[in-house]
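Student: The transmembrane segment feature in TrEMBL is assigned to A:7-25, A:31-50, A:81-100, A:105-122, A:156-174, A:277-294.
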Amino acid sequence: MKSWGPPLLLLILAVVLYFALPFNLAFLTRILIMVVLVLSLDLVLGYAGIATLGQAALYGAGAYAAGLFAIHVWADPVAGLFVGAGAGAMLAFVSGLVLMRTQGLTLIMLSIAVASICLEIANKARDVTGGADGLRGIRMEPVLGLFAFDFIGKTGFWYALAVVAVVFVVLALLSRAPLGLSLRGIHESPERMAAIGVSVYWRRITAYTIGGGIAGIAGALSAQITQLVSLESFSFTLSAEALIMLILGGTGRLYGAVLGTLIFMFVHHWAAANDPFNWLFVIGALVLAVVFFLPKGVISAPPAITRLLKGGRHAGS
Amino acid sequence: MQGLEVRGLSKRFGGLTVSEDIDFDLMPGDRKALIGPNGAGKSTFSNLVTGILTPTSGTIRFDGSDIGRLNEAQRVRLGIAKTFQITTLFRDLTVRENLRLPILERERRGFGFIGRANGHTAIEAEVDDLLGQFALGGLADRKVADLAYGQQRLVELALTLALKPRVLILDEPAAGVPSSETHLIVDAIERLPEDLAVLIIEHDMDLVFRVARQIVVLVQGRILTEGTPEDIAADAQVRELYLGGGHD
C-alpha cells in the first residue's frame, strides 16, 4: 500500500544510519528522543493549533517521573514509559485547565511560565530531584527482561526506535480519526466548532493532555537511556528548539516533525563540530531560509518545486 | 409549547441599549425575516438567541424550557443553529470534510480516536445526501478556500443543516454573494425542510420578500412592526425607513 511507503523509508533510513554511524549511537538516539518530543508538539500546535512554548514542562515531568520511578519503585523500562506518559499527561491536564482558557500571546507566556515554575521546583527540591546536579543513579533493567542496556548504546537505539515507531503509528491513526478531524477543525475555525456544538475548551484540553503524555514518553526515554535527568529538561531552550524543528519540517504533518528534527539535529551536530563558536549562525541561516522560501516547512518542498516547474511552463497558474 | 419563545429581551453594553424589550416567537415551519437598518441590533438579537451573548434581562424559552443560561454549544445540541454573516468555514479542509465534522459532532463521535473519521457508512451517506441537496457533489473533494464565494455560502448552509437543527438562524445568507449567484441561495432556502423554524436576518430586500412569510422590523433595538410581506411593503413607517431614509 502506498501509505506504508514513507514510514518504511524512514525506518530503513534509521537502520542505515545505525550501521553508517556506529560510533554516534548516542547522538542518533538523541535524535529519536527529540522526534518523539517534536511529534507531541505537532499534535498540540500543528494539529490543534495550540501555540505553546512550554512543551519542555511536559517532557521534564515525564523525565523526572520516570527517573524517580526507576530509582525508588521499579526499574522496568516499559513500565517507566507509562509512568512518564502519565506524569506528562497529568501536568498537561492540570495546567491545561488554565492554559486552554487563553490564546495567542497570553497562552505562549503562560506556557513558558509553567515550564519555569517546574524548573524552579526541580531546582529547589534537591533532596528529591538532585537539584542542579541532576537526578542520578538511574539503573534500568533489561527492556522486556531480554535486552540489557549496553554502554555503546545499541539497546538504547533500538528501544528508542521502537518507541518512535509506536508513537508515530498512534498519532497517524489519531490524525485520521474523528478526534483528529475535530482538532484540525479547531485549528481552522474555533468559532465554527463552537457553532456546531463543540466545547472547544475541553477538546483543546484533550489534545493538550494527549500531547503531554507523548512529551512525557520522550522525557522518560531520555531519563532511561541517558540514566540522568538534568534541569535542562525543563529549559526554555528545549521548548524553543522543538518548535524550531517543527517549523523547519512543517507543522500539521507527522513527516514534517520527523524531517525537521532530523535536519535540525544533523545541521546542529555538523556545524557545532566544525565551528564550536559560530554554529548558531548556521542554524539561524537555515531557519531563515526555510521560513522565507518554504513557509510551510521542508515537507512542502516537493510540491513547491513541482509548482515552480509547472508555473514556468504555463505562465501564472 | 413548541419552538422558540422570547420575552422582554434586553441587552445593554454599559449605557448603550442595543436590544430593548423584544418579544418574539419562532414556531416550526415559520419563515420569518428580521430586517432593519444598520445598527438596529439584528446581529445582537441573533447572538442573544444562540448564546454568544448573555441578555441583560428577559427570557428565552425553547420547547417550554428556559435556555437563557446555556452556552452556545449546549444550545446547538438542543437544535438551535446559525449560519455566520462572514463565512468561518474550515478553509483548509475539503467540502466533504466540512460536512463530515458537524455530523460526527452531532452523533457525539467527535472524541473518537479509534477508527477513521470517514469510516462510518451512515455518516458518509448523509454527507453525500447533503452534497446532492446543495448541488455540491462536483466540489466535494476541493478545499473550501478554493471555492467561489457563492459556493462557500452553500457549504455554510449545508454544514449548518448537517446539525439537523430545529431552529435555523440565517445571518445574512447572501452577504457578499454576487447578484448573479443569489438565486442559488434562494433556491437552497426554499428547499429547507418544511418543519424547520427559520429566521432570516438580511439586508437584501429582494431575497427577504422572496423567501419570508413573516417580517419583523427592528429599529434601534426595538421591534417597530411585524407582519406579512404585503403588510410590511405597505407600511408607511417602513417605507420611510427604507426609502425616505436613503438606505439601500
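Cβ atoms are placed via backbone N, Cα and C, with glycine included.
Unlike curated records, TrEMBL annotations are generated automatically.
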Student: May I ask for the residues of the chain that lie six or more residues beyond the transmembrane segment (A:31-50) and have a Cβ under 8 Å from a Cβ within it?
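Tutor: Same-chain residues near the transmembrane segment (A:31-50) but 6 or more away: 14, 58-59, 100, 107, 157, 160-161, 163-164, 167-168, 171, 174-175, 180, 183-184, 186-188, 203-204, 207-208, 210-215, 217-219, 221-222, 225, 238, 241-243, 245-246, 249, 251-254, 256-258, 260-262, 265-266.
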Student: For the transmembrane segment (A:277-294), give me same-chain residues lying six or more residues beyond its boundaries with a C-beta closer than 8 angstroms to one of its C-beta atoms, as numbers and ranges.
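Tutor: Counting only partners 6 or more residues beyond its ends, the transmembrane segment (A:277-294) has Cβ contacts under 8 Å with 244, 247-248, 250, 263-264, 267-268, 271, 300-301, 304.
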Student: Which residues of the same chain, at least 6 past either end of the transmembrane segment (A:81-100), have a Cβ under 8 Å from a Cβ in it?
Tutor: 50, 52, 57-59, 61-66, 69, 107, 110-111, 114, 118, 163, 201, 204-205, 208-217, 219-221, 223-224
